[in-house]
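Feature list (source: Swiss-Prot):
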type	residues	note
BINDING	THR49, CYS50, ASN51, ARG52, SER109, GLU114, GLY115, GLN116, GLN120	substrate binding site
ACT_SITE	CYS50	active site, nucleophile
SITE	HIS99	site 'Important for activity'
BINDING	GLY198, ALA199, GLY200, ARG201, MET202, SER203	NADP(+) binding site
Amino acid sequence: MHIAVVGLSHRTAPVEVREKLSIPEQTMEESLQNLRNHEQVLEASILSTCNRLEIYTLVRNPDLGIAAVRDFLSGHSGLESRDLSPHLFTYHHDEAIAHLMRVTAGLDSLVLGEGQILSQVKKMMRLGQEHKSIGPILNRLLTQAVSTGKRVRSETNLSTGAVSVSSAAVELAQLKLGQSRGQDALVTLETEQIAVVGAGRMSRLLLQHLQAKGASGVVLLNRTIERASALATDFPNLPIQCRGLDDLDQCLSTCSLVFTSTAVDDPIIDANRLNALNRRSSLRLIDIGVPRNIASDVHEVSGVESHDVDDLQEVVERNQEARQQVAREAEGLLLEEGRLFLEWWDSLEAVPTINRLRASLEEIRVEELTKALSRMGPDFSARERKVVEALTKGMINKILHTPVTQLRSPQQRSERQQALQVVEKIFDLESGAATQD
């Protein structure tokens, strides 16, 4: 068995490719089931965010298992393998484990140290558990990855001052507005007429950062006004008008800055829509949705500037340099956590022998106990029988404790295999203990 990950991210694929592979939560169960239906895939878990899609698997054969995942991605995205392959990365076992640790710690994020990825990995684990696509191996790996992400954030300063995708989007708006005025600086948003489309987690973060950057008011649009209103109540100091998506054209006509972050299959803003409006001023659109909420043809519309998540790199680079040293400190923690998981993985090699040893001793215990109880006769009470039963079980557990602990303790594989062979021979257990390749 092997752990493997196949995926793509902002580092390997542009947003127009990433959006084709995005897997929304409502189709996650079907996607996980499709993966698990393949004979090579024993466990599967999917991480789908605006900047990455990664599929973690436990497979029988690494080459065949990875090929199955690649076929799934090609079928899901509608992209031919030759078009998709240049954007994919693949990591095997040790590298796959290390990659997940880096991702969860925020070291592989567009925004170094951002905290949202930790919640997204937690969600990946929860969905895998709910849909029964992960078993003991990936469950252990994901649990340790989440623990590692928390540890990195508590034991280093990586999360101090970290920006998120949403805060980077707001800073990008400030930067572009400043540049349009001849200033290479972040300017206040106080005079901008601002709209936010969507009322999910990303929109919540947008409102939080817009308020911090001086926005005097925001129009919040969503399919259901009730959800927008519920979100608005969390920002009593920021004037928010809640509207339905029916008012989107009006907002595009009157606002100077529009952020979009809503779950859609197709863009909700395109050139035809904008050209049909009677606009009198410039419009800046910032789209942090994946799949994209704004079509690429809006660049052709006069007076309109549009940016997507890939354009956030300009802001990110202004914040990254000072954080690189902290990231290097975090790498040491990741190496330690990765080693701990691999030690646990290696210890699984001993499980078949341990199970056979336990079964052999249990068979002896039951046989000898049965003989002893038959000699005690009918005068031996049920309570006394239970006491003797517990006594013999306790003795077996005491006898097994030290050898089992030693067999599963961290050690060189050759040493463990030698110890397993000795146990197999001494106790005359079945040969051919299963091993981890």
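Positions of Cβ are set from backbone N, Cα and C atoms, glycine also.
Keep in mind the model is a prediction, meaning the values are calculated, not measured.
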| message | Rank the recorded positions HIS99, ARG201 by how many other Cβ atoms lie within 10 Å of each Cβ and give me the one with the fewest. | response | ARG201
| said: Taking 10 A as the limit, how many CB atoms besides its own sit near the CB of ASN51 (substrate binding site)? | reply: 24
| query | Looking only at Cβ atoms, how many others are within 10 Å of the one on ALA199 (NADP(+) binding site)? | reply | 25
| Rounded to the nearest Å - Cα separation of ASN51 (substrate binding site) and ALA199 (NADP(+) binding site) | 20
| said: What whole-number Å value do you get for the CA-CA distance of GLY198 (NADP(+) binding site) and CYS50 (active site, nucleophile)? | reply: 15
| said: What does the structure give for the C-alpha distance between ARG201 (NADP(+) binding site) and GLN120 (substrate binding site)? Integer Å is fine. | reply: 11
| task | Report the nearest neighbour of GLY200 (NADP(+) binding site) in space among the recorded positions CYS50, HIS99, SER109, GLY115, comparing Cα positions. | result | CYS50
| request: Could you check which of the recorded positions (HIS99, ALA199, MET202, SER203) sits closest to THR49 (substrate binding site), going Cα to Cα? | output: MET202
| note | Looking at the binding-site residues GLY198, GLY200, the one with the fewest other Cβ atoms inside 10 Å is GLY200
| query | Same-chain residues six or more away whose CB lies under 8 A from the CB of SER109 (substrate binding site)? | reply | ASN51, VAL103, ILE117
| note | The sparsest Cβ environment within 10 Å, among the binding-site residues THR49, GLN120, SER203, is found at GLN120
| request: Specify the nearest of the recorded positions CYS50, HIS99, GLN120 to SER203 (NADP(+) binding site), where nearness means the distance between Cα atoms. | output: CYS50
